[in-house]
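Asker: Annotations for this protein, taken from TrEMBL, read as follows:
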{"type": "COMPBIAS", "residues": "1-12", "note": "compositional bias 'Polar residues'"}
{"type": "REGION", "residues": "1-27", "note": "region 'Disordered'"}
{"type": "COMPBIAS", "residues": "13-27", "note": "compositional bias 'Low complexity'"}
{"type": "DOMAIN", "residues": "23-105", "note": "domain 'Copper amine oxidase N2-terminal'"}
{"type": "DOMAIN", "residues": "114-215", "note": "domain 'Copper amine oxidase N3-terminal'"}
{"type": "DOMAIN", "residues": "248-666", "note": "domain 'Copper amine oxidase catalytic'"}
{"type": "COMPBIAS", "residues": "477-487", "note": "compositional bias 'Polar residues'"}
{"type": "REGION", "residues": "477-496", "note": "region 'Disordered'"}
Amino acid sequence: MERLQQIASQTTSSAAPPALPAHPLDPLSPQEIQAVSNVVKAQYSGKSIIFNTVTLREPVKKAYYDWKEHNGPLPPRLAYFVVIEEGVTAVQEGVVDIPAGALIELRKTDSVQPILTPADLQLTEDIIRADPAVIDQCVQSGVPREDMHKIYCDAWTIGYDERWGASRRLQQALIYWRSDEDDSNYSHPLDFCPIVDMNAGKVIYIDIPNRRRKVSKHKHSNFHPIHIKDKFSTAENPSGFRDDDTPINITQPEGVSFAMDGHVMNWSNFKFHIGFNYREGIVLSDITYNDHGNVRPIFHRISLSEMIVPYGCPEFPHQRKHALDIGEYGAGNCTNPLSLGCDCKGVIHYMDAHFPDKEGAPTTVKNAVCIHEEDDGLLFKHSDFRDDFQTTVATRGKKLIISQIFTAANYEYCLYWILRQDGTIKLEVRLTGILNTYICDEDESTGVWGTQVYPQVNAHNHQHLFSLRIHPRIDGDNNSAATSDAKSSPHPLGSPENMYGNGFYCEKTTFKTVKDSITNFESATARTWDIFNPNSINKYSGKPASYKLVSTFCSPLLAKEGSLVSKRAPWASSHTQVVPYKDEGNGYGRLYPSGDHVCQWSGDGMRGMRKWVGDGSDKVENTDILFFHTFGITHFPAPEDFPVMPTEIFDLMLRPRNFFIENPCLDVKPSFARTTKEVKAGAQGTDTCSLKVDKTSRLAFSNTSAAGSCCKK
Ligand code: ABN
Ligand code: CU
C-alpha cells in the first residue's frame, strides 16, 4: 500500500518572483522552473538531490472558470515537483507557490518510483559497460572484452519484478551489440538482461536464459542513406534511392489563417489553449466553437493520459516488457525537437518545451510542438446532373494540425491533433521507428510469439494501447455519455412493424453509473459513443447536443485478467470508462489512470482507474464527467517493419452531432460555385480555384497555364 506522509513546510525564497504568464494554463517558463528549483534546493539544503520533475500544477477546473468566465481572481500559479534524494527510496514530491516563492506541500510516497528521465536512461549504459559480470556475459555471447564500447542498452523501467518490488529504483537493460557506430543495434540483440539499481549506480543482478545464444554475426540491416547506397546502389543509380522523387510543397502565399495569442489558438471558429507537459505532451484545453456569435464550450481538456505496450512472449523475463510509456517515461520528456521542412512542412508555428535538468536548471527542447495548416480535400460538394453538373458547389477545407513526436527508445510516436472546419477533432497516431528485438539462434523457431524479421532477429508480438482522457464541457459542465449502436429492427420480416425486413435504427444506451460505462467496441453494431449535454436540445432533431467518438482501432487487451499487465493498466481492459470529475489526489483531478506514479507499481491496491471505478455505483449522468477511451493496435511484426517501420497509422475522431442546426461550414468560401440561374445566364459565379488565385495548381503533363481548369466553364 502507498504510504503518504504529509510534511508541513513553508520554505520561502527572497528572490524576486518570475513574471506571471499570459494565461494560467501556460507551461512553466524557464525562469519559473529556475525559481521553483531554488525554493526546493533551499528546502533540501545540505542534502544531495536530483531533480526529476518540475511542471505546472494546473488550476482546478472551478478556479479556472471562475477566473475565465466569472471575473474571479487569477488562479494560484503553482508548480509540482519530484526530487530524488540520495539514500531515500520514496518519491519525494511537493508543490511550490511560484509568486510567493514558497514551498506549500511536501510528501513522501512509498511503493512506487519516480518517472524515468532521458538522463536516467543514458546513465544506465555507462553503468552496464563498466560492470565485470556484464562484461563476462558479453564475452560469453561472443563480444570481445575490449569491445564494451560497442555494447548499448535500451534502459527500460523494470515494470514490476516481485524479487525487488519498489524497494529500489530499478531498470532492466535490454542489451545490444553495435557492430559499428552507425549500426542501429536492433539487428544484434544479446540474450541476457542486467538489472540496474539507479540510485546505487550498479548492476544488482543479471537475468540469464537457460538457452544461451551467441550474438549474431550477420551484417546489420540499416536505413541511413549510406546503408541504402550499400543495399541498392547500381551503376545507373549510384545513390540507391528511387529516382521518381520530385518535391511536394505546401505553400500559403498569404500566410496562415490561424492567430495565436501566446498559447491560445484562434482558428476557423475554434478557440483553445495549447499546453504541454513532461508527461502527457500536448494538452488541449478550454476548447470552444464560435457558432455564429454564440461561443459554445466543447471540451475542457483533452490529452493522452497513458499508454501501454505489452509484449506477448510468455517466457521469462519478457513478461516485464510492458512499457507504460506516458507514465513511466513521459510523452513530454521524450519529445523530439522538430525540424522545418522535414518533420513539419508548410508554414509552421513552433512552441518550445522546457524541463529541469538534474540540478533543476531549465533546459529547452526547441520546436517541440508544431502547429500548421494543410489542405483537407473537399469539405463539401454537390453538382446537379440536370445541366451536366454545371450547377455546382465545391468547397475545399483546410485542417489545423498540432503535433509532436516522441521517441520511446526504439519506437517513434507521432501524434497529430487535427481540427476540421466542420467542428471535428481528430487524433492521428503514426507509429514508426524500430521494432524491439530479441535474439534467436540460426536453428531456433520464434514459435507463435514473434516473427523473424531479419536473420537471427526475433520481434515479439505486442500491442500499442492508449488511454485518451476527455473532459467534456459540451454546452456546459453537466454532460452524459452513451453507446450508439446500429441495430436492425427487433421485429421479424413480415411483421406489421417490419413488413419488408429492412428496418434499422440507432440504439442509444446512456450510462447512468460508472459500471454502465465499462464498454467495448462492437464491430457488429458499428458502435460509436456519444458524449452529450442532455440539457441542450437541438431545435430541429430534438436530440441532445453531442460529440460522437468514432474510433475503430480498438484492439482488446490480450494479456489475461489478473496478469501483471492488466493489473498495472486497469484502464486497458475495456474501451471506455466514464467517471465523475473530482478535484482530488495529486492536484488536478483524476489525470492518470495507472496512478500518479507508475514505475514499479505492482498493480495491486486501489489507484488510478481501479480506484475511480470503485464499486461502479458512482453516478455519471448529467454531471461533470471524465470520459476515458482505450484505443490502439495489435502488432504482429513482419519483415516489412525492419530495419525501420513505415509509419503505421491509426486514428479516431470526435464529431459534432445534433450540436449545430445545419452544416457548420456553409460559410467557408467555395472554390467554385454556380447556381442554375448563373449557368443559364453564362455568369461566372464564385471562382477561387482558378490560377488567378491558385498560382501553383497546373496540369501535370503540360507547361501551359491551366487557369480555370478545375471548373467547367
Ligand atoms: N518503450 C520503453 C522505453 C521508452 C522510453 C525510453 C526507454 C524505454
Ligand atoms: Cu509495434
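Backbone N, Cα and C atoms are what each Cβ position is placed from, and that goes for glycine too.
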Asker: Other than its close neighbours in sequence, what residues sit by the compositional bias 'Polar residues' (477-487), given a CB gap under 8 Å and a spacing of at least six beyond its ends?
Answerer: 504-511, 517, 519, 522, 525-535, 544, 548, 576, 578, 620-625, 627
Asker: Roughly where does the domain 'Copper amine oxidase N3-terminal' (114-215) sit in mean pLDDT, to the nearest integer?
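Answerer: Result for the domain 'Copper amine oxidase N3-terminal' (114-215): average pLDDT 96.
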Asker: In the domain 'Copper amine oxidase N3-terminal' (114-215), how many residues does DSSP assign to helix, to strand and to coil?
Answerer: 27 helix, 27 strand, 48 coil
